[in-house]
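Taken from TrEMBL as is:
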type: ACT_SITE; residues: Lys39; note: active site, proton acceptor
type: ACT_SITE; residues: Tyr275; note: active site, proton acceptor
type: BINDING; residues: Arg143, Met323; note: substrate binding site
type: DOMAIN; residues: 254-382; note: domain 'Alanine racemase C-terminal'
type: MOD_RES; residues: Lys39; note: N6-(pyridoxal phosphate)lysine
Amino acid sequence: MTDKFQRICAKVDLDAVRHNVKNMKANLTPGTEIMAVVKADGYGHGAVPIARELEPLTEIAGFAVATAQEAFILRDARIKKPILVLGHTFPCSYERMIREEIRFTVFRYDTLEALSKITSDLAGEGTFKKARVHIKVDTGMSRIGVRADGEGLDFVKKALETEGILVEGIFTHMARADEEDKSAAKKQIALFSDFLRRIEEETGRRIPVRHCSNSAGILELPEADFDLVRAGIAIYGLWPSGEMKRDTVCLMPVLSLYSTIVYVKEIEAGTAVSYGGTFVAPERMRIATVPVGYGDGYPRGLSGKGFVLVCGKKAPILGRVCMDQLMIDVTDIPQALEGEQVTLIGRDGREQITMELLGDLSGRFHYEFACGLGKRVPRIYIKEGKVLSISDGCQDF
């Protein structure tokens, strides 16, 4: 680790990203394509570097994000494959999305009307492009989306008939696919399948791209494959939940997190450590300070519960995690000196700390943990054992 990144750095293994995608693809029904979900800056891993790594793969049909702004970042980075905005898009982004062929998620009539008008206006200026849309169907999340009923069918018919609108896809999202009991997920799949059948019967048209599966579905529900699956958390080597079987697909963790010991001292019995004095030394101890805290996205919920790895051994966190620092017990690690590497996430010798484990210990969902790693944590992108690129806050090297 260079001096520049001794305080904290995340290493992102791009080979592991490819490994995860290829292993998921092998688990899919032949002909089913993968849409890589890179919202929330690629779940904290870096949307642009991840998308650049995945775009050349034949397994990847395109990308999904949550907002128009996230889609624009990818287009600005010269990502060419289709991009779908999974959430609601506000009118200020309509024209640029149409021009750049970014796909809309639609479920409101006023959106269809507005998009139709803009495509008409653009045609008047000599730009002949349709708004490419995917219709969202609510089969059990109770979020955005038309219901899989008569009213929902009316919306689909309207979308198919509206001038300037190209209905490219239709999709739903499973709420409980990551549970051991798959009955709720299977009900959603059946409801979606029945709705698709009804659309074809009443319109005589098959919407080309039908998708339902998230990471949990990819791993355990082959009946949800359809034409496309949306791979999110599993791309990054993380499991959707602890209830998932781990033998269906081999996933490799993509991100590891490191810091350095900056100070070592001995404290006497009765000495309080960190804010609030929640930890008091029961005996003479040797403690070390690590310059990482919740300001970096490291959970305060790990106070007195978590541990790090130093010299291949576990070092418990003492007292509260501060905004920028935390203290650890190195009494039984005599080789733990100032300048020694600290592993916050990853493997050191025979020991390993996973993001899922830290999520459980902190009471913070591991998706949230991944997305919450701050901008002041540099990301170092590794490919074939070499540094490919570095993202350091607002600076790229």
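Any Cβ shown, glycine's included, is placed from N, Cα and C.
Positions of the features from TrEMBL, shown on the structure.
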residue	record	contacts (Cβ under 8 Å, 6+ apart)
Lys39	active site, proton acceptor	Ala47, Ala64, Val65, Ala66, Thr67, Glu70, Leu86, Gly232
Arg143	substrate binding site	His173
Tyr275	active site, proton acceptor	Gly319, Arg320, Cys322
Met323	substrate binding site	Gly293, Tyr294, Gly295
Write out how many residues of the domain 'Alanine racemase C-terminal' (254-382) are helix, how many strand and how many coil, based on DSSP.
23 helix, 50 strand, 56 coil
Which of the three DSSP states, helix, strand or coil, fits Arg143 (substrate binding site)?
coil
Taking every residue in the domain 'Alanine racemase C-terminal' (254-382), what is their average pLDDT?
97
